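Listed in TrEMBL for this protein:
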- HIS443: active site, proton donor/acceptor (ACT_SITE)
- CYS459: active site, nucleophile (ACT_SITE)
- 101-112: compositional bias 'Basic and acidic residues' (COMPBIAS)
- 140-155: compositional bias 'Basic and acidic residues' (COMPBIAS)
- 350-483: domain 'L,D-TPase catalytic' (DOMAIN)
- 91-190: region 'Disordered' (REGION)
- 1-35: signal peptide (SIGNAL)
Amino acid sequence: MQSGRSTAVNSIFKTSISFLAAASVLGFAALPAKAQQQQLSRNTILVSPEGDILDYVPDDGSMRWGRDSRGRKVLIDAWGDIVATAVPADRYFGNDGDAAPSRRERYREARGYSETNPDYFPPAPGAEYDDNLTTSSVPEMREALPDDRDRRTPPDTDFGNTQPMPGLSDDPDEALALPAEGTDPNTEFVPGPKFAPAAALGKMSSAEVTALQVFLDREGFSPGVIDGKKGSNVTKAIEAWQNATGETLDPNNADDILERLRLSGGMAFTTYEITAADAAGPYVASIPDDYAHKAALPHLSFTSTEEMLGEKFHMDVAYLKEINPGVDFTIPGTLVKVVDIGEKKTGKVAKILADKGRKQVLAYDANGTLIAAYPASIGSSDTPSPSGTVTVQRIALNPGYTYNPKINFKQGNNDKVLTLQPGPNGPVGTVWIALSKPTYGIHGTPEPSKIGKTQSHGCIRLTNWDATELAKMTSAGVTVEFVD
């Protein structure tokens with residue numbers, strides 16, 4: 001989704017970026033506007049793949065620095081997504097302080113790491129790590145990373161049934177072969193389906209947004225994490241639902257949404273009693289960043305009961321805690337407020353569209369009817385992602401992961417092949433749908449809140465629960481077409 005850029009937004013960008021530039025150099029001392037702009041021209045800003053300025057450099061170890069194929073310094077998250085490109089401020093802003101459109105457009109799409117596999121995990125920041133970058137307003141579509149990541153997996157997953165990563169050879173020299181050098185430049189541009197726009201969401205309470213999200217989730221048109229917040233994933237889900245049903249959904253009509261909920265299984269919220277099994281886990285105290293330490297764990301499972309419940313009910317963990325203030329989730333018998341997601345979508349998928357433009361996966365039956373839709377992180381046309389049509393080769397739930405520095409990348413000081421056990425903190429989450437193009441697949445993620453809001457390096461990432469639902473409706477031989 002691309003965010004609009006009005007004069008007011010540019011004004012906010014200039015004011016905010018100037019203030020941060022001055023603060024970083026002068027210890028937060030205020031500068032006159034002219035002096036601020038002069039100081040800005042001598043600094044660097046972070047520009048997101050959408051062309052907006054990022055307003056923070058997380059210091060929690062979740063971000064890494066690297067170089068793209070053009071030698072530019074880029075900020076990369078733990079899952080290989082380019083979060084921002086470092087750009088000289090004077091190249092981004094015109095003489096009057098406004099962003100020069102021709103220059104800004106150059107950074108709208110970040111170039112991918114053609115020398116790495118689709119799920120690149122860069123090393124920890126070294127001596128070149130510089131936290132003196134000047135940044136400004138975070139784009140509307142990007143959310144700051146939470147302090148505690150949501151690392152989740154379906155609660156019914158059996159951690160004992162470990163499978164090797166689908167598509168990997170037993171020979172470590174053949175594991176995770178590198179993808180081709182980006183997409184084929186001669187590939188014809190294939191436009192995705194056009195959906196009628198959804199009505200704009202007006203002023204709504206958190207409970208009203210949650211009700212809308214729950215309804216869409218029950219229908220099989222996923223809004224991603226249920227968090228009581230408006231956003232692009234909700235809008236995309238409404239548009240897909242309208243296309244599939246031929247109806248028009250007014251998201252601002254609370255009475256209509258409540259009636260639809262009543263007919264689809266009941267109200268949005270329900271009560272759940274924490275069981276002894278819920279409290280027992282298995283859980284791990286924390287998830288290390290280093291792959292060697294990860295490989296030493298018996299499983300990459302939840303770190304808390306809250307995470308397990310968030311996965312079970314498709315909820316953002318922070319929102320789960322918010323609506324249950326003061327609750328101790330570790331005590332069996334505790335009653336907690338959760339959303340009622342209803343039954344999983346069922347059906348038989350015959351074709352999947354991976355819409356790069358919409359950042360959405362669309363599932364169709366044999367009659368060409370759209371039966372499900374999921375927000376997704378998909379590699380753009382400028383990142384090494386497949387184009388054209390491929391097929392599903394095999395499906396694995398709860399896959400393990402093989403790390404091989406000889407084939408893909410080197411993480412930290414790890415120079416040996418490592419086997420990571422399955423669980424929600426695994427690199428591909430809890431589902432792997434292997435595609436006929438080697439090393440590519442549709443898979444889950446330990447960070448559901450980022451789905452649909454970032455680009456990937458080729459693979460298709462869904463929330464774990466959406467990937468599981470899709471996997472159970474899909475079989476080998478189903479076509480997967482990448483559209484733009």
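Glycine too: its Cβ is placed from the backbone N, Cα and C atoms.
Curation plays no part in TrEMBL annotations; they are all automatic predictions.
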For the domain 'L,D-TPase catalytic' (350-483), give the DSSP counts of helix residues, strand residues and coil residues.
13 helix, 50 strand, 71 coil
Row the residue listed as 'active site, proton donor/acceptor', column other C-beta within 10 angstroms, all chains, value 28
Length of the line joining the Cα atoms of the residue listed as 'active site, nucleophile' and the residue listed as 'active site, proton donor/acceptor', in Å
8
Report the mean pLDDT of the predicted model across the domain 'L,D-TPase catalytic' (350-483), rounded to a whole number.
88
